[in-house]
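Colleague: So TrEMBL lists the following for this protein:
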BINDING   12-17, 59-62, 97-106, ASP132  FMN binding site
BINDING   ARG350, ARG382, ALA383, PHE384, SER385, GLY416, LEU417, CYS418, SER419, TRP596  FAD binding site
BINDING   THR460, SER515, ARG516, LYS521, VAL522, TYR523, VAL524, GLN525, ASP558  NADP(+) binding site
DOMAIN    6-150  domain 'Flavodoxin-like'
DOMAIN    206-447  domain 'FAD-binding FR-type'
Amino acid sequence: MPVPQLLVLFGSQTGTAQDVSERLGREARRRRLGCQVQALDSYPVVNLIHEPLVIFVCATTGQGDPPDNMKNFWRFIFRKNLPSTALCQMDFAVLGLGDSSYAKFNFVAKKLHRRLLQLGGSALLPVCLGDDQHELGPDAAVDPWLQDLWGKVLGLCPLPPGLDEIPPGVPLPSKFSLLFLHEVPSVGSEGQQVAHPGSREPPSESHPFLAPMISNERVTGPSHFQDVRLIEFDISGSAISFAAGDVVLIQPSNSAAHVQQFCQALGLDPDQLFTLQPREPDVLPPTRLPQPCSMQHLVSQYLDIASVPRRSFFELLACLSLHELEREKLLEFSSAQGQEELFEYCNRPRRTIVEVLCDFPHTAAAIPPDYLLDLIPAIRPRAFSIASSMLTHPSRLQILVAVVQFQTRLKEPRRGLCSSWLASLDPGQGPVRVPLWVQPGSLAFPEMPDVPVIMVGPGTGVAPFRAAIQERVAQDRTRNVLFFGCRWRDQDFYWEAEWQELEKRGCLTLVSAFSREQEQKVYVQHRLRERGPLVWELLDRQGAHFYLAGNAKSMPADVSEALVSIFEEEGGLCSSDAAAYLARLQRTRRLQTETWA
């Protein structure tokens, strides 16, 4: 009798939706169900018409956008020519992950749920709305929803006769077995698969370009609270091509100190070589890992040991623990009742995986190496807006990086993995190469030469607009208005001299807001209101495009509010017409945003 099959498809930007999907996969296997877990864009979407049972797990990013790894699926599923009976054989459920502090909370999950119903699918449950803002995080909504889900699924696919569920304390088989090599191969393939200079294929995640770092310069004043770097790479011969609005993805590494700490806690030999053998026929080893691979390479380049562990980490660690007291605590952290305590121990102070393992030394020392890739997620690439134009710097790529560092109740400061790693690299001390590749961003600038552009970029949000202004000036497009905001003119006014030179040449109108230089804080939204007549004239009478980049928390809403106010005051619109005008700008892509948490 064939094993019933469940398909779990996810769209994940930061890894949370993928983690929840893998949890679904494990829970399905415990219920004796065959389960395939895949990113939406790696699944052949035309096969969806044959799938009887599908769970969709979707995050919402930015201002209601789908994650990068489901954008192709998103375009396909909303095609107008899909018949209303296309998915009539499918039972489905949608689990959403979002943040209720944003206006478009769980927008992707809600919209997908409606669309699947329109295409004839049968919903097993109402859409689940996981919320980062809840004191217990998304699990507060996810746990009870999953309990209901398994009730429905087992109604459709009951356990085979004579078989019980596999209990939670029993570890499932690992995805891979690590076969240790006792002799060093005569020809080793240790090292990352990379795109070589002169290659015709543009670099990608599976084949990044090892770009030489040319310079790494701090651009904030010495007394400024934040270290911000302007970093330049040489991309000669890489086949990399980009336009204003594109982003570069960088694959960071763990610090040597963390790697050493991790290997000591687990009793691993960094020089030990191994090959990865999948246990299931449809599972492939990660393309980023060479075969054979060393423990040093696995831990420094692949395992995200500096990330804050998710609940699934504690679930598996509890299964693997042979130490009674430690196992008891781990089981508590992984239970639904222990989520408040886990939040206090782990999430609030941002405790890392390597720190947790040091807190559970007996368990850490007994972890079978086969489970390393099940236990610890892969390091994810980080995206940065490109801050230069190929028309101005043909073989160079520049980024503006705010180095993330903050204090919690833990003694050690918390550091952003990628920004801290980049800041630590010094090309003055010898050659430095960084694995990177480029992909389209969410901002697209007008092709028509006479269309004016208004850009609002406070802080490091100005980075994509420097690329756009360089590109447009090189094409003799001089109708550029930039609203830039920072704290102090003499501390964090990025590219001040460059903007002033462009102003003198008549290529740029610069409006700046220095929030701390007067008693009342002044931000970009205040300057927008002050320049209301100019903004209205450019948008309404001259067809300007409006762009916004920066922190996603409150700034986009504040800028939207300022725009609505301008439409009312300068355009004479009532509040509902002003809101409709703003919505029309967004719908026609004349208002575009790129924001990050």
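Positions of Cβ are set from backbone N, Cα and C atoms, glycine also.
Unlike curated records, TrEMBL annotations are generated automatically.
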Colleague: Restricting attention to the domain 'Flavodoxin-like' (6-150), give the mean pLDDT.
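Modeller: For the domain 'Flavodoxin-like' (6-150), the model's average pLDDT rounds to 92.
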Colleague: Using CB atoms and a 10 A radius, I'd like the single residue among the binding-site residues LEU417, VAL522, VAL524 with the highest neighbour count.
Modeller: VAL524
Colleague: State, in Å as a whole number, the widest CA to CA span among the NADP(+)-binding residues THR460, SER515, ARG516, LYS521, VAL522, TYR523, VAL524, GLN525, ASP558 given in the record.
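Modeller: Roughly 19 Å, rounded to the nearest whole number.
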Colleague: Near THR460 (NADP(+) binding site), which binding-site residues out of GLY62, ARG350, LEU417 have their CA within 10 Å?
Modeller: none
Colleague: Would you count the other CB atoms within 10 A of the CB of ALA383 (FAD binding site), including those on all shown protein chains?
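Modeller: Here the count is 17.
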Colleague: Going by DSSP, how much of the domain 'Flavodoxin-like' (6-150) is helix, how much is strand and how much is coil, in residues?
Modeller: 58 helix, 35 strand, 52 coil
Colleague: From the binding-site residues GLY62, VAL522, VAL524, ASP558, pick the residue whose C-alpha lies nearest to the C-alpha of ALA383 (FAD binding site).
Modeller: GLY62
Colleague: Of all the binding-site residues here, GLY15, GLY62, which one's CB has the most other CB atoms within 10 A?
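Modeller: Answer returned by the neighbour count: GLY62.
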Colleague: Using a Cβ cut-off under 8 Å and a sequence separation of 6 or more, which residues in the same chain sit near SER385 (FAD binding site)?
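Modeller: When sequence neighbours closer than 6 are ignored, SER385 (FAD binding site) has VAL247, ILE399, LEU400, GLY441, ALA463, PRO464, ALA467, ALA549, GLU594 within Cβ distance under 8 Å.
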Colleague: Rank the binding-site residues TYR102, PHE105 by how many other Cβ atoms lie within 10 Å of each Cβ and give me the one with the fewest.
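Modeller: Among the binding-site residues TYR102, PHE105, the lowest count of other Cβ atoms within 10 Å belongs to PHE105.
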Colleague: I need the nearest neighbour of SER419 (FAD binding site) among the binding-site residues GLY15, ALA59, GLY62, using C-alpha distances.
Modeller: GLY15
Colleague: Reported as an integer number of Å, what is the Cα distance between GLY15 (FMN binding site) and ARG516 (NADP(+) binding site)?
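Modeller: Between the Cα atoms of GLY15 (FMN binding site) and ARG516 (NADP(+) binding site), the distance comes to 36 Å.
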Colleague: Between VAL522 (NADP(+) binding site) and ASP99 (FMN binding site), how far is it from one CA atom to the other, in Å?
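Modeller: Rounded to a whole number, the Cα-Cα distance is 27 Å.
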